[in-house]
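Worksheet: the structure to be examined is printed underneath.
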Amino acid sequence: MGKRYFCDYCDRSFQDNLHNRKKHLNGVQHLRAKRVWYDLFRDAAAILQEEQTKKPCRKFLQTGQCDFGSNCRFSHMTEQDLEKLSAQVQGEQRSKELRQEGADVPPGTIEDWLEKRAKRLSAAQSNSVLPEKPAPFQYPPGWPPVQDLPPSLQAPPPGGWPVPPNLQWG
């Protein structure tokens, strides 16, 4: 039967030879599917700039549908959509400026977590001479009482688990 080529963009497969692959990769359907895929990863500023240059699609504004769909050369965004997108772009620009100025990033972001981790690691390395007392274990909030937990989730007894006599491993 021969080798087959599968195109992830188009979700199609065909016999793999130079002619078929070249014909497919230069085809309109493949180029559109590839563009749609990469459009998913564009930033909001690029989308806003492109949508502002387009004229609104009359058919989409009147009926809410367009025969051309994502291939339409006119904009399918309403004024409200453009305002939301503009606000998102401004928010992204403000956060980028804050990061460049060295201001604190709002809590809960990965940058915040990485910064705290780096401080903790550097403090642990500088204090490695002194033995630190480990923090006592605390069950996560929202868990049932310790007595109701299954044995696999309970902390081991202070002396460890009892070993039955004549136990052989392996």
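Here the Cβ of each residue, glycine as well, is placed from N, Cα and C on the backbone.
All TrEMBL annotations are machine predictions without curation.
Feature annotation from TrEMBL assigns zinc finger to 51-79. In the predicted structure, the zinc finger (51-79) carries a mean pLDDT of 88.
Summarising the annotation, TrEMBL assigns region 'Disordered' to 88-108 (among others).
What TrEMBL records for 93-102 is compositional bias 'Basic and acidic residues'. Nonlocal intrachain contacts for the compositional bias 'Basic and acidic residues' (93-102), taken as residues 6+ away from its ends with a CB within less than 8 angstroms of a stretch CB, comprise 45, 111.
What TrEMBL lists as region 'Disordered' is 123-170 (among others).
Summarising the annotation, TrEMBL assigns compositional bias 'Pro residues' to 133-170.
Within the chain carrying the zinc finger (51-79), a Cβ under 8 angstroms from the stretch's Cβ atoms is held by residues 32, 36, 39, 85, all 6 or more beyond its ends.
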